[in-house]
Structures are given as C-alpha cells and as structure tokens.
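Visitor: Swiss-Prot lists these features:
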ACT_SITE  His23  active site
ACT_SITE  Asp92  active site
BINDING   His151  heme binding site
Amino acid sequence: MNINKPLEILGHVSWLWASSPLHRNWPVSLFAINVLPAIRANQYVLLTRDNYPVAYCSWANLSLENEIKYLNDVTSLVAEDWTSGDRKWFIDWIAPFGDNGALYKYMRKKFPDELFLAIRVDPKTHVGKVSEFHGGKIDKHLANKIFKQYHHELITEVKNKTDFQFFINRLRGN
C-alpha cells in the first residue's frame, strides 16, 4: 500500500530502517540518497499491517550508464537517475518483522512481467553480490535469457570503463 503523505511515508520508512539490523547503523545521508528519490518518483511499496509499517521496497529505473555508475558506487545515484531508463534495480528491501515473504509475493504480483536486479549484502561479511528477480508471470527460462543479455550489455560497457571498481566475475556468477 502506498501512503500519499510524504512525511508520513518518511516516518514509516525511517522506523523500518531503524528496525533493520542491516540498515540501522547506516548514516542519515544514505537514507536521504536511498529513500527521498524513491518517494518523489513513487517508486516504492510500503506494506502495513494494522496501520503499522512492516515492509518497504524501493526501486530505480536506470539507464545502462547509470546502472554502471550505481554498481561502481551505490551512493552515486541522484534523483534524475532513478527514472533514467528501463533497467529496474531494487534499491532497498526491508522487512525486519518477518514479512519478507509477503513483500516478495506482493512485488511479483505488482510487477508480473518485469525483471529486477539487486545488490544483496551479506550481513555478516558485508560483501555484496548482484541478484536477479522476476515477476510472477515471466517464464523462468525466458527471464534467464533476458538476464544473460542484460549482463552481456553490462559487461561490454564496463570493459570500456577505466575507473570501474566492481569485480566483474560477480556479474557472471563466478
């Protein structure tokens, strides 16, 4: 459910950030970078139960160029980047009260024909990896084929970047 009051949304999302073991120690500057553009672009979902927030997800629709920028530095996105293309990236996925499954089902239903990528961070090692997600109506084999093309386009572009820091083998699943 999207709530139409931006300050109320910010309060709900900040509550979820503070309740998340991964997010609670992140600086306020990351909250501003990750949350404000999502609310402005209406690229978020906030699940509530009994008027209390239980899960939040935001996504950016990136161009290939901004996707590379994001992979190189996850704090680099500016407001305009969030609506720069058609390559969907989950920016935040927060479900600190056990509602991860509900959020997953909601997103697969909301975006039945869409593909998403995400950087998932291991809470113990703080190492990130790129993960793939697809809507509920997309055939898994077709999704894999499209993701393979996405990765090919990405790797081709990254090879031309001399200042890129992300480890390419992670994109290939090695």
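Placement of Cβ uses the backbone N, Cα and C atoms for every residue, glycine included.
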Visitor: Take the Cβ of Asp92 (active site) and count every other Cβ within 10 Å, whichever protein chain it belongs to.
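Guide: Result for Asp92 (active site): 21 other Cβ atoms within 10 Å.
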Visitor: Per DSSP, to which secondary structure element type does the residue listed as 'heme binding site' belong, with helix, strand and coil as the options?
Guide: helix
Visitor: Quick one: what's DSSP say for His23 (active site), helix, strand or coil?
Guide: coil
Visitor: How many Å separate the Cα atoms of His23 (active site) and Asp92 (active site)?
Guide: 9
Visitor: For Asp92 (active site) and His151 (heme binding site), what Cα-Cα distance in Å is obtained after rounding to a whole number?
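Guide: His151 (heme binding site) has its Cα 21 Å from the Cα of Asp92 (active site).
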